[in-house]
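S.K.: Grabbed the feature section from Swiss-Prot, which reads as follows:
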BINDING   G10, C11, G12, K13, G14, T15, R125, S134, F135, N197  ATP binding site
BINDING   T31, R36, K57, Y58, V59, G83, Y84, P85, R86, Q90, R158, R169  AMP binding site
BINDING   C128, C131, C148, D151  Zn(2+) binding site
REGION    30-59  region 'NMP'
REGION    124-161  region 'LID'
Amino acid sequence: MNIMLLGAPGCGKGTQAEQLVNKLNFIQVSTGDLMRKEISLNTTLGLKCQEYMNAGKYVPDQIVNQIVNQFLQYNNDKLIFDGYPRTLEQAKSLEKMLDLYNKKIDYVFYIDVNEQILIKRITNRLVCPLCKASFNLETRKPKQEGLCDFDNTKLVKRSDDSLDKVKIRLQTYKEQTLPLIDYFKTNSKFIEIKADNLSAEQVFNQIKGELKI
């Protein structure tokens, strides 16, 4: 069984993916993490990703699909797709890639959050460069200021989490990703979660309830 988490940057997809991995043994497919890995290794694909990310723009479909395809060769079941696909072209490409392994997207969860809440969340976000855990100065403060709860690594702010770049990302999301909602409503089991006033745990319980596991 494979599932997808849809929603704007900052809606909590990463937090839900973390819960699903830790509590239900799913495997997270975070294209952000996959791209950052390519960047850290200074691969050709990574250098191309870096150029677009530094400008606050989405990486083109062709590059992202290549990175995902590399991953699917070794992992193609009990996956969580977090932040990918972002466009109809990516969605159709993903379905074709999964079909090679007789797999599909079984559930799509759309986490809907107000834009002003999203901006506040993202600009207050800190991440651990070692284990990739995410914290927030407003909603999920680390136990010790500036340090990761899990490995004591100094937390950092992602370069694409500045206010200007966040606004660009949200606008691009509206233009490119919102059409996916209609597409997946007819191609998978689609569940919308209104999360403005829900805690991360409440969102997780809704997801778990739908999965019936």
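Going from the start of the chain as shown, residues are counted 1 onward.
Cβ coordinates come from backbone N, Cα and C, glycine included.
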S.K.: Among the binding-site residues listed here (Y84, F135), identify the one with the smallest other-Cβ count within 10 Å.
M.R.: F135
S.K.: So around the Zn(2+) site, C128, C131, C148, D151 aside, which residues have their CB within 8 A of the centroid of those CB atoms?
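M.R.: Here the non-site neighbours turn out to be P129, L130, K132, A133, D149, F150, N152, T153, L155.
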S.K.: Cα distance, R158 (AMP binding site) to G14 (ATP binding site), nearest Å?
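M.R.: Here the two Cα atoms are 14 Å apart.
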S.K.: Within a 10 Å radius of its Cβ, which of these binding-site residues (V59, C128, C131, C148) has the fewest neighbouring Cβ atoms?
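M.R.: If we count Cβ atoms within 10 Å for the binding-site residues V59, C128, C131, C148, the smallest count is at C131.
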S.K.: Express the distance between the Cα positions of F135 (ATP binding site) and T31 (AMP binding site) as a whole number of Å.
M.R.: 19
S.K.: Enter the number of other CB atoms within 10 angstroms of the CB of R86 (AMP binding site).
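M.R.: Excluding its own Cβ, the number within 10 Å is 19.
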S.K.: I need the most crowded of these binding-site residues: K57, R125, R158. Count other C-beta atoms within 10 angstroms of each C-beta and give me the top one.
M.R.: R125
S.K.: Kindly report the helix/strand/coil residue split of the region 'LID' (124-161) according to DSSP, in that order.
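M.R.: Helix (H, G, I), strand (E, B), coil: 3 helix, 11 strand, 24 coil.
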S.K.: Summarise the model confidence on the region 'NMP' (30-59) as a single mean pLDDT, whole number.
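M.R.: Per the prediction, mean pLDDT sits at 90 for the region 'NMP' (30-59).
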